[in-house]
Amino acid sequence: MERSLKKTKSNNNNSIKSNTMKDDEMFHVIHKVPSGDTPYVKAKHAQLIEKNPEMAIVWFWKAINTGDRVDSALKDMAVVMKQLDRSEEAIEAIKSFRPRCSKNSQDSLDNVLIDLYKKCGRMEEQVELLKRKLRQIYQGEAFNGKPTKTARSHGKKFQVTVQQEISRLLGNLGWAYMQQAKYLSAEAVYRKAKMVDPDANKSCNLAMCLIKQGRFDEGRSVLDEVLESRVLGADDCRTRQRADELLSELEASLPRRRDAEMEDVLGNILDDDFVLGLEQMTSTSFKSKRLPIFEQISSFRNQLVC
């Protein structure tokens with residue numbers, strides 16, 4: 001009888017421990033935090049559970065300095081710093097500590113840097129990084145010769161195609177050129193983005209670029225693609241609203257003023273070392289194994305200068 005009671009008690013204890021372990025596992029799954037007691041785990045707990053970003057940054061630094069999941073710690077810390085308007089500090093942290101990170105993490109760190117440069121208005125550095133990443137894709141370095149790669153966002157993995165990545169990078173590059181008032185360079189990039197992966201948002205971007213140059217007829221023609229639902233995504237309410245707003249801006253445009261004309265002159269300076277240099281990227285010096293993402297840019301450039 002006594003032995004039976006001990007066995008029952010032991011089974012109950014084991015059951016309690018098992019349930020506790022399961023609850024602990026469910027907690028980490030639900031809140032998307034890793035299990036354990038390391039600096040990185042404490043950082044994620046402070047970030048996601050306690051909602052204490054400042055403390056999270058302290059623990060992320062400890063994780064980086066102790067070699068605890070440095071790849072994830074550096075990237076996650078930079079994201080938290082951006083949320084706290086400490087983007088400049090995040091940029092310097094990535095530049096200083098990325099040599100400690102694995103080769104596989106460099107692409108995701110680049111993507112974080114692109115957002116940080118945009119946030120800080122550091123357009124020149126953003127443009128250079130975007131051009132470098134586009135060259136890497138063209139030369140077959142970014143995807144290891146494969147048509148897709150695995151990406152991660154908010155803890156979820158998904159597949160990204162070469163075309164999608166090129167389109168994303170070109171979209172960011174076009175925006176950066178627009179901020180620099182390099183409208184002709186932005187136009188070339190936006191047109192290439194439409195060739196790679198056409199949709200209504202890219203049409204709106206191109207139309208905005210043409211309007212900035214005072215080329216209203218061309219801008220209206222591009223906007224008609226959206227308003228007449230001739231491109232993918234034209235049925236999206238926000239995209240159509242944006243197209244309507246751009247059309248209103250176009251129709252309300254006044255005759256060109258002297259300062260606007262000067263702005264166009266400055267904006268029509270092509271970014272020689274990249275947009276014009278794309279012709280070199282399609283030369284025979286590149287082997288067929290490299291991705292021909294800029295095939296038509298040369299002929300388009302010739303049309304611009306005629």
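Using N, Cα and C of the backbone, Cβ positions are placed for all residues, glycine too.
According to TrEMBL, the features are:
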- 10-19: compositional bias 'Low complexity' (COMPBIAS)
- 1-21: region 'Disordered' (REGION)
- 167-200: repeat 'TPR' (REPEAT)
Checklist entry - Do you know the DSSP helix, strand and coil residue counts for the repeat 'TPR' (167-200)? => result 28 helix, 0 strand, 6 coil
Checklist outcome for this item: In the repeat 'TPR' (167-200), averaged pLDDT is 94
